[in-house]
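Down below is the structure, laid out as structure tokens.
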Amino acid sequence: MEDRVLIKNDVTELIGNTPMVYLNKIVDGCVARIAAKLEMMEPCSSIKDRIAYSMIKDAEDKGLITPGKSTLIEATGGNTGIGLASIGASRGYKVILLMPSTMSLERRIILRALGAEVHLTDISIGIKGQLEKAKEILSKTPGGYIPHQFINPENPEIHYRTTGPEIWRDSAGKVDILVAGVGTGGTVTGTGKFLKEKNKDIKVCVVEPSESAVLSGGKPGPHLIQGIGSGEIPANLDLSIVDEIIQVTGEEAIETTKLLAIKEGLLVGISSGASAAAALKVAKRPENVGKLIVVIFPSGGERYLSTELFESVRYEAENLPVE
């Protein structure tokens, strides 16, 4: 047998090909099977690693940025910023990020640990306000470049090229329903498009916070589910591939996230809990008996430990007695 060296050249070669696993312990009453795609297995623990690399590589190929010389500037909820900071560090880019002040402390710490410059913004200015501030910084930064994750076509494209094919391959083409949250819209658009091209009968269900049900025609509002529900319909979301919009409350998302940890052994972020809650609803419908639902878990739980999600166990941990 010929020996093969399987060592990767750099962090970017670790991105993608994340595993899927069946949910087994929280599925009482379900008539369909649910398989979760675990994007916390990415090198920086979220699905946003995919688009961070794709947007950087595309800009490099077009001559828009140069490693060691250019500065990446982006408005982010945290996970895309973490991906950009990681890849930026490995390729020699300075990274400047604008992030809502409501995002978790862990996000700030991780970004600073990766060398990124972080500017916190008031939640009231929304994505548009963040982008305006990013443009202000760009105007003062020679060699600056904004990837624009909300409108960059490489966002959905990388999911069309990787996430969708991985789900199709690992399910042996047996996936019937896709469930995913909507942040920038890229995951649902790219993945859903690929799967529907493979099988037009596959249903795509998207998840949004009940408290900010913009996709359903409601008004934007504050909510607990970090990572989805930006308060507007993102340009990268192709609603033509969406078959159903499912609303999940912050409380439902928190409870399901906790159950995933203590019953399935999966420590995931709150948007994963929201998507799981939606998948459970779909899996209990009689018309879905025997079907396979694939739900995307976008991130791991470690960057939410300071949030309301883990408030009770955090208090317990802080007050454990010394024996």
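Using N, Cα and C of the backbone, Cβ positions are placed for all residues, glycine too.
The feature N6-(pyridoxal phosphate)lysine is assigned by Swiss-Prot to K48, with similarity to another entry given as support. Every protein chain shown contributes to the tally, and the Cβ of K48 (N6-(pyridoxal phosphate)lysine) ends up with 30 other Cβ atoms within 10 Å.
Cβ contacts within 10 Å of T184 (pyridoxal 5'-phosphate binding site), excluding its own Cβ and spanning all protein chains shown: 26. The annotation pyridoxal 5'-phosphate binding site is assigned in Swiss-Prot to N79, G183, T184, G185, G186, T187, S271.
In three-state terms derived from DSSP, G183 (pyridoxal 5'-phosphate binding site) belongs to neither a helical nor a strand segment and is classed as coil. Less than 8 angstroms from the CB of G183 (pyridoxal 5'-phosphate binding site) sit G77, G227, I228, G229, S230, P234, S271, P298, each of them six or more residues away in the same chain.
Residues N79, G183, T184, G185, G186, T187, S271, recorded as contacting pyridoxal 5'-phosphate, have a largest CA-CA distance of 15 Å. In this structure, the CA atom of G186 (pyridoxal 5'-phosphate binding site) is 10 Å away from the CA atom of K48 (N6-(pyridoxal phosphate)lysine). The most densely surrounded of the binding-site residues G185, G186, judged by C-beta neighbours within 10 angstroms, is G186.
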